[in-house]
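To start, the structure itself, in structure tokens.
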């Protein structure tokens, strides 16, 4: 309890200038409840002509009452400004641990594994995967470990700055992997018609879905493009179960991360948003229910906690009898 | 049933809620698990949902040839009409296949017991002594390993991985409980725990013995099982006699002191 005044003053210090929160009470109701690492870019709707742009409101960090279009724009702003320093920041914020999560995520999906000889081709869509972290791991796993050269990965991101970083990085890959890679600027809630229904084996989104302006809509899109039997897999920050770990984690994310953002990337507000958006993201069970509501089948509990729940992997499968 | 409820409470506290039952059944999808046997309530939903069952049952057919492996899983997924990637739906990969074996064989014991002893366990409880039923049911369960026994050492190796040990022990405990429940055990004292603990140990060692048993019909394993059960009931009787002697002597000692005027 003694820490509370200190926390409060830290909270004041952290308040970013752009947050003109219309509802201060909501902000102070849970003063220190946010989390740490900002990671992946988030696709959000930003083509203004899309008909899905309703007057529905959503939130941006702890700020409420934004239209979906506004959120899209702001998220775009955040990721334009962090794209360059994204990887360095991820390492600093998570002490390099995000690499372990991502490795585990990919190996638990085991892309490219096939019981057939020659192996069956697979088509993977990595949404919000601008910098290619997940996509490159998938290609490596499928091509090198599972010896399946017919695995293709499409990296989709709403943010062209992030995609540009990914493209740049992909030049270091072996040529065979580069040819299996394609880039697609797209909004995850309104995937382009070029992505035909029932065309993908695997849909992944790592540290991106919390930035989507309309998550249920994005899940429906995922359901649409997946083949029956195809898998939706999501790696995202979640809720920590252990109160002790949670206290440390919240402290780090609300005071440490924006500070690192300011020092290293020169951009405090973007990282403050990342931290707040993590706090606003639904819990493991709630998100699992959203996946089920979109029509997916989940196995077991429907999710797997990583590092005590700091991050969680959710998986859902499109049932065979899907229309 | 009282001790079993207490145990159920402990187990439930340590575990996350529920297993997903199925795709469609939204309202009843996540029912609280029940870890004790009830005569009054319908059984809880199964551990695996329809899609998982489809993949696992098809994959199980490949176990004798390919073992409890990812390869068997992906062959099974293909047989069931799924994609290779669909196997990543299973939360624990090959361990899910092992668990499928453990769960389905355990659940198959109840109908089998009804067939052997006739009707619900309560009906003929008097006819066959509990110990005999326990032995028979344990033997029936061991025989269920017949088809996969040459792959079972691999499975035990997987089950012994530190992160999987709790789940494996839990399954073993459920099996011991199931066998005693079906045998009509009605104890409500600490022996509820000791009986199940000793049966778990005996079952696990008999299973290990069985992986190296080449005798026809696994006769050696059956003899091994009978010897262990006999030993354990022998030890149980000795312990009971000792306890009775100690309590009698203590009570007599107290009475002697009282007769001397001590205020006890």
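Placement of Cβ uses the backbone N, Cα and C atoms for every residue, glycine included.
Residues annotated as compositional bias 'Low complexity' in TrEMBL: A:1-17.
Residues annotated as region 'Disordered' in TrEMBL: A:1-57.
Every protein chain considered, the tally of other Cβ atoms within 10 Å of the Cβ of residue A:131 (S-adenosyl-L-methionine binding site) stands at 28. As annotated by TrEMBL, S-adenosyl-L-methionine binding site applies to A:131, A:157, A:187, A:188.
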Inset, instruction - Among the binding-site residues listed here (A:157, A:187), identify the one with the smallest other-Cβ count within 10 Å. - result: A:187
Inset, instruction - Measure the Cβ-based neighbour count of residue A:188 (S-adenosyl-L-methionine binding site), defined as the other Cβ atoms within 10 Å of its Cβ. - result: 29
